[in-house]
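Engineer: Grabbed the feature section from Swiss-Prot, which reads as follows:
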- 16, 17, 18, 19, 59, 63, 166, 167, 172, 175: ATP binding site (BINDING)
- 58, 78, 139, 140, 141, 142, 143, 144, 145, 146: UMP binding site (BINDING)
């Protein structure tokens, strides 16, 4: 399949996976079969010959903003949330390596005994060698979401596109789980996402993507094989761009 790489529009991609996606039907933590399916979807894209990076959230373990609402110092809460992303990254790495996928975890918060520190040149070199790079620790700064981290890392790695895996198959004008008449956008501009206060990503992340002309594609992680389909312009998704 790697011989088809020249026919693909996107050759270097970053996948954003929320922590909640790793829970499956659980209320907390990880569901192995769900993580295995995600890893299999990633392998399918690697087999196409693409360079792949991942940013993983931590909401299945800890949400800093929620802790701040009940009285914890926001910066401290966010740092704990960053540690949760490292736990998720190591879990995903373990499952991916069990499938024969060469994987490296790079953390914005140095943890030398468990993973590599984030160094841009090293991360790019790993990707050139067709290793999957999982970026953990968010941006390394409080008050920043993992969506912002995903946009920043995608730009730093010179990725062609950012793919955001969610619980729904695209961007809607309201929550389709609550509103059966919600309208789906097949394409939408950065400006309209911001002006319409759509909750697909935080405003800061969308603004940085717009400034750097990074296209974003939103799709459902629930359907097995969707990652490879979406990167080949197939399946259901919404593209955010100019």
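Glycine residues also receive a Cβ, built from the backbone N, Cα and C atoms like all the rest.
I'd like these features described in context: how deep, what's nearby, how far apart.
Structural biologist: Every protein chain considered, the tally of other Cβ atoms within 10 Å of the Cβ of residue 59 (ATP binding site) stands at 20.
A sphere of 10 angstroms centred on the C-beta of residue 58 (UMP binding site) encloses 26 other C-beta atoms.
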Engineer: Rounded to the nearest angstrom, how far is the Cα of residue 166 (ATP binding site) from the Cα of residue 145 (UMP binding site)?
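Structural biologist: So the Cα of residue 166 (ATP binding site) lies 15 Å away from that of residue 145 (UMP binding site).
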Engineer: Have a look around residue 172 (ATP binding site) and count the other CB atoms within 10 A of its CB, chains all included.
Structural biologist: 19
Engineer: Using DSSP and collapsing to three states, where does residue 16 (ATP binding site) fall: helix, strand or coil?
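Structural biologist: Once the DSSP labels are grouped into three classes, residue 16 (ATP binding site) ends up as strand.
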